[in-house]
Amino acid sequence: MSDSRRMATNIIASWGANLVKVMVQLVMLPVMARVLGPAEMGLYALALPILALVMPLADAGLANSLAREKPDNHRVWSTSFWMLMFISLLLAVSVYGGSFGVAHTSNQPRLPQIVLALCAIFPLMGLGVLPMARMIQKGRLVAPAIIDMASNLLGAGIGIAGALSGYGVWSMVAQYVSVFAIRAFLLNACELYWPRMVLDFSGLKSHLGLGGSITLSKIAESAGRVAENSQVSRILGASALGAYGFANQVARFLSEAVGNSLWANLYYQSLHCEHDRLGPQLIRMNRLLCHILIPASFLGAALSPTFLPFVLGDKWVDAGWPLAIFCLTYPFTIMSNLVGAVLYARGHAIIPMSVAVLTACARFGAIFLFLPYGLMSACIGVGAISILQAIGSFLASREVIGIRISEVLVTSFWPVTAALLGFWGAFTILLYRHDIEGGIYAAACFGGIYVLAQIMFDRSRFLTDASGIVELVRRKKTKSEPTV
């Protein structure tokens with residue numbers, strides 16, 4: 001299969017699977033939020049980042065790094081497996097012990113019990129690393145997307161059943177653990193690797209270097225989330241934490257539903273292409289992201305203040321504007337991640353690692369400085385950091401990748417501007433119409449403004465992009481060899 005057709009198949013299949021995941025979340029989150037309430041959701045939002053703080057250690061960054069290793073080097077692959085199993089057990093013990101400190105700081109005595117149950121995900125994550133790395137190596141990105149979809153569907157069913165049965169926050173725990181268990185089983189069913197009884201760390205040196213940088217980046221991000229949530233809980237209480245955590249979770253999930261498939265395909269392409277193709281590929285993926293994620297997120301931002309309380313109930317009214325702010329700004333974090341995909345594939349881990357650490361510190365600084373003025377002020381500060389994160393990533397990597405900042409600005413400016421104009425148009429309509437019909441008018445207004453602005457100010461690029469997206473779909477529909 002040609003690279004272009006493989007990319008088309010991977011992207012379309014990933015988006016299809018992610019669309020199902022989004023629909024599941026759109027159904028699940030209102031049900032869970034309405035049944036559990038802000039206090040239980042806030043407790044779960046506090047527990048999850050504690051695990052997320054060390055979750056990157058469970059795979060040691062090897063899922064992406066091992067994709068660069070020869071598939072028949074059994075010493076490296078087997079040593080990686082046994083090392084991952086040991087790390088997983090060590091993390092489970094450490095996280096459970098550390099949860100007592102967070103419970104004391106945030107005044108949530110139930111937290112350690114919840115964290116103990118969630119620690120089951122660590123060995124499950126380790127079991128999925130090797131098959132995932134081998135799939136990335138072969139460019140088989142359709143199967144992981146379908147597996148993620150299936151595991152999330154089944155996990156959501158388990159979670160909703162538990163919530164409706166009165167299990168409270170434990171229903172969320174059951175959902176989360178079951179997703180990882182199903183995912184590990186299906187990944188190994190698709191790409192099983194039997195490890196040998198061998199330990200030889202000499203061949204892991206290069207992988208541990210790159211994987212360590214990836215891991216540190218993820219840890220910095222997760223540590224920042226824990227610090228943010230603890231600060232919100234300490235100053236504003238559990239309900240505000242529930243609103244903040246919910247807004248963060250939804251905006252991030254929606255953005256990554258689009259961004260993750262682009263990241264994986266860009267990483268695979270960057271592993272195999274010539275250096276002079278890195279810049280054009282990054283620009284193309286970033287432009288595609290601007291046409292898909294930016295308008296979808298900005299429309300969600302316009303709708304959320306009006307319709308979130310309508311869907312979840314009046315007790316969630318305080319989450320409407322935080323969600324709108326994060327929908328407007330989180331796509332810029334995804335832009336930064338695309339830059340990281342190219343850099344990691346080429347072994348340049350220092351830049352994305354530094355950006356991740358600085359971003360985490362800056363987000364907590366924004367929370368610390370602006371939270372005394374209210375949750376809205378803190379959310380605006382955190383959102384501004386996401387925009388600066390994207391700018392910093394492109395500036396820091398322009399010479400390494402070979403991109404011109406002017407080209408990034410030219411290809412991104414009008415899609416973002418058109419979406420922003422559409423946001424204001426849709427929001428204006430919703431100031432006067434607060435019903436479903438008003439939401440339909442707002443969405444239609446947004447789409448009309450977005451397309452019209454693109455045709456008026458960026459006609460040539462927009463028409464070229466539109467034909468490219470049509471061709472992408474056409475290639476997917478063309479009969480081709482199986483890739484799953």
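Our numbering is plain: 1 for the first residue shown, then up by one each step along the chain.
Placed from the backbone N, Cα and C atoms, the Cβ positions cover glycine too.
Listed features, source TrEMBL:
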| type | residues | note |
| --- | --- | --- |
| TRANSMEM | 12-35 | transmembrane segment |
| TRANSMEM | 41-60 | transmembrane segment |
| TRANSMEM | 81-102 | transmembrane segment |
| TRANSMEM | 114-133 | transmembrane segment |
| TRANSMEM | 145-167 | transmembrane segment |
| TRANSMEM | 173-194 | transmembrane segment |
| TRANSMEM | 288-308 | transmembrane segment |
| TRANSMEM | 320-343 | transmembrane segment |
| TRANSMEM | 350-369 | transmembrane segment |
| TRANSMEM | 375-396 | transmembrane segment |
| TRANSMEM | 408-432 | transmembrane segment |
| TRANSMEM | 438-457 | transmembrane segment |
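With a cut-off of 8 Å between Cβ atoms, the residues of this chain six or more beyond the transmembrane segment (41-60) that come close are 32-33, 83-84, 87-88, 91, 94-95, 98-99, 102, 106, 108, 110-111, 114-115, 118-119, 121-122, 125-126, 129, 169, 172-173, 176, 208, 211-212, 214-219, 222-223, 225-226, 229-230, 233, 238-239, 241-242, 244-246, 249.
Of the candidate ranges 145-167, 288-308, 320-343, 438-457, 320-343 has the most C-beta pairs within less than 8 angstroms of the transmembrane segment (350-369).
Most Cβ pairs under 8 A with the transmembrane segment (288-308) among the ranges 173-194, 375-396, 438-457 are made by 438-457.
Beyond the ends of the transmembrane segment (375-396), by six or more residues, the same chain brings 228, 232, 236, 240, 243-244, 247, 318, 321-322, 325-326, 328-330, 332-333, 335-336, 339-340, 351-352, 354-355, 358-359, 362-363, 366-367, 369, 403, 405, 408 to within a C-beta distance below 8 angstroms of the stretch. Here the transmembrane segment (173-194) has long-range neighbours at 44, 47-48, 77, 81, 114, 117-118, 120-121, 124-125, 127-128, 130-132, 134-135, 140, 143-144, 147-148, 150-152, 154-156, 158-160, 162, 167, 484, meaning same-chain residues at least 6 beyond its ends whose C-beta is under 8 angstroms from one of its own.
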